[in-house]
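Asker: Dumping the structure here so I can ask a few things about it.
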Amino acid sequence: MSTSWPPRTVIRKASGLRTLELTLDRVGLGPVAGVDEAGRGACAGPLVIAACVLGSNQRKSLAALNDSKKLTEKMRETLFPLICRYAEAYHVVSVPADEVDRIGVHVANIEGMRRAVAGLGVKPGYVLTDGFRVPGLPVPSLPVIGGDASAACIAAASVLAKVSRDRVMVNMDSDHPGYGFAVHKGYSTAVHTEALRRLGPSAQHRQSFVNVRNAAMGSSLMRPLAPRESDTGG
C-alpha cells in the first residue's frame, strides 16, 4: 500500500537524508524548509532558532551534512559557510534569556520557529520541524522525530542554529568573565554550577530555571549586610 503525501502523522524515520524533501518536492509541496533550535536546555544565553531551505541540486556540496549534535565543532564551523552559500534561503532568530523567562522555553521555541520561517527570503510550501508541532505557521508542517538526523533541511538548520549560538556564547564569555560560557555554552555543567554558586547569576542567566534561582538565593544570603547608621559613626 503506497504512502499518501503529505503524511498526516509524525514521521519517525526516513530512508535517506533527502527523502522527505525530494518526495514533497515531487508532489508539488516544495520548497521545503527545515527548522531547528539550539539552547533549549541551557540555563544561560539565548534560544537560537534557524530555518533553512536547501537547493535540490546541492547534495554533493553538503555531503557531510548530518545531525549537528554528532558533528565536531570544527566540522560544524566548516559546514556553516557552505550552508549559507548553497541554501536557497535561511534565517536565524535569537530569543534572549529575559524573553525566555517571560514566556517560557516551549512558547519561546514555538514563537522563534514562526519568526525563523517568516524571515525566509522564499516562501516555503512545506515546513519540517524537529520533533514537535509548530502551530500557527502559514503553510503545512510536520514534526519529524530525530529530524536533524532524518531530513537534510533540518540538519542544515541545526548547524546554523548551533554555530550561531556557540559564537554568541563565546562573545558573552568576554562580557561576563568567570562563568566559562565559551566552554559549556550556558549548559548546567559542574563548572557552570560552581561559578553560579560563587558569582551568582548574570544578566544572561535564565531566572526561571531552578538552578539559577537557587544560585540567586544563595548569593543573596552570602552577601554581607549593609552597616547600620549607628555602626558607621555618622
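Along the chain as shown, the residues are counted starting at 1.
Glycine too: its Cβ is placed from the backbone N, Cα and C atoms.
Found this in Swiss-Prot, in case it helps:
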DOMAIN    30-221  domain 'RNase H type-2'
BINDING   ASP36, GLU37, ASP130  divalent metal cation binding site
Asker: Using the Cβ centroid of ASP36, GLU37, ASP130 as the reference point for the divalent metal cation site, which residues of the same chain not in that list have Cβ within 8 Å?
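Answerer: Result: VAL35, ALA38, ILE49, ALA50, MET113, THR129, GLY131, GLY147, ASP148, ILE154, ALA157, SER158, ALA161.
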Asker: Using a 10 Å radius around each Cβ and all protein chains in view, which of these binding-site residues has the most neighbours: ASP36, GLU37, ASP130?
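Answerer: Going through ASP36, GLU37, ASP130 one by one, the largest Cβ count within 10 Å is at ASP36.
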